[in-house]
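Below is one structure, written out as structure tokens; comments come after it.
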């Protein structure tokens, strides 16, 4: 069914492109008849009038919007086929909800990748290649997001307007969330790979080394890193959203309007979320400290007595 949807999207995109091209040719003929475009050249004096006539047509605007929408759907279907193949019903429902609420495809596929990886974590038969295929979607999202940040940086350096700082909040928030997902599921990918490769006799010594690390400091370090860096990235995402609203309020100016009330409520909700997250992290650290005090690590003498590697 996914292939049929992709074929329909390709056909619809092609038809919308043909319609847009036909409408553009009609508009160009109209511009030539008005003398705004000469053969092989454009009258620069009347360039603004020409652009106004070209994009002032409702038909041209509608066809352009239809073409962009079809391209958007086609890109999403291609990315779904590459990284996820067929979707589960719960994933389809969540994806449609995110599409309604937020139509930037990087964020959608980032959340879809997290949902699929969590499902694979709960599956005892998950294969390393299947896990890596979905995990690579996060790598794709991060690479596109970094390219987006670079474009925003170039625009800001060129124009230098403080309002253009608004361009950075969205890609930076996506980058923080993607890095957090890559951190958590990257260790899980390594664990699945080691588990499925344990029977390879050619790599026996290498996996024995990894098993030793997995049973010792590496996996303790993994828990500490996931906990602390995850908290840091969570806070960075919340602070980025808070800075976004504060910056908008600063540019808009404080006044008693409906927009200011909405901004104030959003800022209040973010501050509450930040305080709650900090309190939860402090309680977690205190609980872990009490647990380590009640259950201390074994000494080297105890390990030797039990011949524990």
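Heads up, the Cβ atoms here are built off N, Cα and C, so glycines get one too.
Record note: among 254-275, 276-297, 254-275 is the stretch given as transmembrane segment by TrEMBL. When TrEMBL is compared with the stretches 88-110, 111-133, 134-156, the one noted as transmembrane segment is 134-156.
Between the listed ranges 36-57, 58-79, 190-211, TrEMBL ties the annotation transmembrane segment to 58-79. TrEMBL assigns the feature transmembrane segment to residues 162-184, out of the candidate ranges 1-23, 162-184. Over the domain 'E3 ubiquitin-protein ligase synoviolin-like TPR repeats' (107-285) the predicted model carries a mean pLDDT of 79.
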